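Reviewing the structure listed below.
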């Protein structure tokens, strides 16, 4: 840390000396003030902001496996020095990060209730490491609440997978990716039927290929709820979870605080309403859509729409069933979960640290900064985030060394 402080201070001093004239305000006082502030900020950043993540795992072998094959989870995370606060990182990531070009192959699959699910495949047929498509490792990606295969964080995951030679398939929730709703049903964090159908379908197409999944935000919640339900009875060999909301009650309460409602809650509610408005003719057979469209918070939307659609007696019943913290003990495959404790969507005090310690298959990686799907790093964080690096290293570790995880 002392070496980091010296390097950062020296670079900052050289930069400021080249930009600020000694004659500022007629003397050297201005330069001294600027240099003093810069050094003080550098000290604060290195002592209070840049920290190693907390690695929570009850299994020493899992820890040793991660330390050897996924070392990023033990290294100091240096958030972008000018936007390390959680809300700022959350707001800026979609605008700052690049959007890698990805060519998808779309597939629509039918469900048992007469609906359809849109899958976007990145086959990676030019893979040099895995030219045989039948054994090419496959990563199933689950976007967030209103996200699709076009989200920047999904595109970056695919870009990382492409460099490793892997195939990816994105599970778009019903009615989100431009396809029509064939039945008056969308999706929620608690109901895993569609995810089970997708996992079965992908595995049946490539039964000899190693198979993993990664879920982001609500996608991570859905994946955790599936894993808690299935235990070891799944074709997935491992999973990665990013910025999951562990306790929905705590998440919605945090999002309803005045500033968070203004920055996130209201906008997210309008996104949910927009996602179903295109299907209004189908949905108004069962719902009072005028009432649904009057919702001003996610909780109000879930009360009038989501909980009703999936047959819950009350919204509290739905939120209890949707909270992955209740099912974490039953997860039966290796799972790595990355959260930032300053994430307003998933408050740090609601992360189930003690529960995770009771399951040898679970490892939590908790950063002090990063926000919700933020994890920006570097002076101008356009290309790769800390989250991207965790994804890449863990997926590679599991596909290439996963057989060693419980033998170290």
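Heads up, the Cβ atoms here are built off N, Cα and C, so glycines get one too.
TrEMBL annotations: computationally assigned, not manually curated.
The following features are taken from TrEMBL:
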- 22-46: transmembrane segment (TRANSMEM)
- 137-378: domain 'AB hydrolase-1' (DOMAIN)
- 217: active site, charge relay system (ACT_SITE)
- 343: active site, charge relay system (ACT_SITE)
- 372: active site, charge relay system (ACT_SITE)
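All features noted in TrEMBL, drawn onto the structure.
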residue : record                           : Cβ within 10 Å
217     : active site, charge relay system : 26
343     : active site, charge relay system : 28
372     : active site, charge relay system : 25
At the level of the C-alpha atoms, what whole-angstrom distance separates residue 217 (active site, charge relay system) and residue 343 (active site, charge relay system)? 11
